[in-house]
Amino acid sequence: MSQHVVAPTPEVAVPTIPVRELAPWALFFGLIGLIVIFFVSADQGAVSVFSGTAVHEWVHDGRHLLGYPCH
Amino acid sequence: MSPRSFLVRGLLVGLLAGIAAFLVAHQVGEPNVERAIALESTGSADGHTHAEDTPAHTHGSESESGGGTEISRGTQRTWGLLTGTLAIGVASGGILALLAAGLVGRLGRLSPAGSTAVVAAVGFVAYAVVPFLKYPPNPPAVGSGETIGQRTAYYFVFVLVSIVSAALAVALAQRTWRALGPVQAVVLGVTAYVAVVAATAALMPTVDEVGDFPASLLWSFRTSSLLTLTTLWAVLCGGLALAVGRLHEQTRAVAARRELARSL
């Protein structure tokens, strides 16, 4: 860095991200994230989106060890 | 500092957290799962019954009704476990990063790295530790198949209460820190959260289906589960705080260079 740079304005130079800019990202990825968590944590246990036990069996050990109710 | 830059970092840190959680779960947790399944198939613990000679961990009632898919124990404890920890790591990392993006510059006088670490630490307590204390995870062979719906509902209702009250507690501290002072505001927020969650835990039903399952193995399983969760969240918290801190430094360096270029 060059020594010509004046120290950035001290205190509270932390920028915020406008809610309008963040909202679509939060909504879209929030939904995807929750769906992923649902499949690992609950599908084919208490409630089933897909019938059968393949999802349950596949993530079985993860569900136990990550603290979710499995069966 | 854009939502995209936060999300990308969150997903990458989440991937690392998932790998770390897998390593711990595989090394520390799996021996307990194997011992619990061994107990289950000898029928010494109560709970649902298993067909003999099945390599997979299948549930009697489900395999009768659904023609259940058989996945070998070898796959379950490696690729299956890895899938679960990676999926949870990446999803949690992404969600946390976007929450952190929303709170940058909006949480007291904290730096971006500081507010990000707070988001992840609050997430660890509200989503992992507190639900663990009220509805601790059970190894295979514990828990009756008939109550899985009820137990899952209790668990997720409690998780929801915990997360919502943690978010409200953070908002309370943020609203009051100018008037009360930062330490007092944090103490107020923590007290409010603990009060709400403790009252909810006292009011919600207790699950007791351990039966004659060996207490030492149950303890060992539950501590290994908590260690797995702690690993996941420690990497999420530390990794996100570091990544966001570096992002902030880079943003500031670029802004400073622009400022310099304009002044020439």
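Just so it is clear, glycine is given a Cβ too, placed from its N, Cα and C backbone atoms.
Annotation comment: TrEMBL describes B:47-62 as compositional bias 'Basic and acidic residues'.
Here TrEMBL flags B:45-74 as region 'Disordered'.
Counting same-chain residues at least six beyond the ends of the transmembrane segment (B:79-101), those with a Cβ under 8 angstroms from any Cβ of the stretch are 1, 3, 6-7, 9-19, 21-22, 25-26, 30, 71, 112, 115-116, 119-120, 123, 228, 232, 235-236, 239-240, 244. According to TrEMBL, the feature transmembrane segment maps to B:79-101 (among others).
Look at TrEMBL and you will find B:113-133 (among others) tagged as transmembrane segment.
Sequence annotations record features per position, and here TrEMBL assigns transmembrane segment to B:153-173 (among others). Remote same-chain partners of the transmembrane segment (B:153-173), defined as residues 6 or more beyond its termini with a Cβ less than 8 Å from a stretch Cβ, comprise 107-108, 118, 122-123, 125-127, 130-131, 134-135, 185-186, 188-190, 192-193, 196-197, 200-201, 204-205, 207.
Sequence-distant contacts of the transmembrane segment (B:185-204) (same chain, at least 6 residues past either end, Cβ-Cβ under 8 Å): 108, 126, 130, 133-134, 154, 157-158, 161-162, 165-166, 168-170, 172-174, 176-177. TrEMBL lists B:185-204 (among others) with the feature transmembrane segment.
Look at TrEMBL and you will find B:224-244 (among others) tagged as transmembrane segment.
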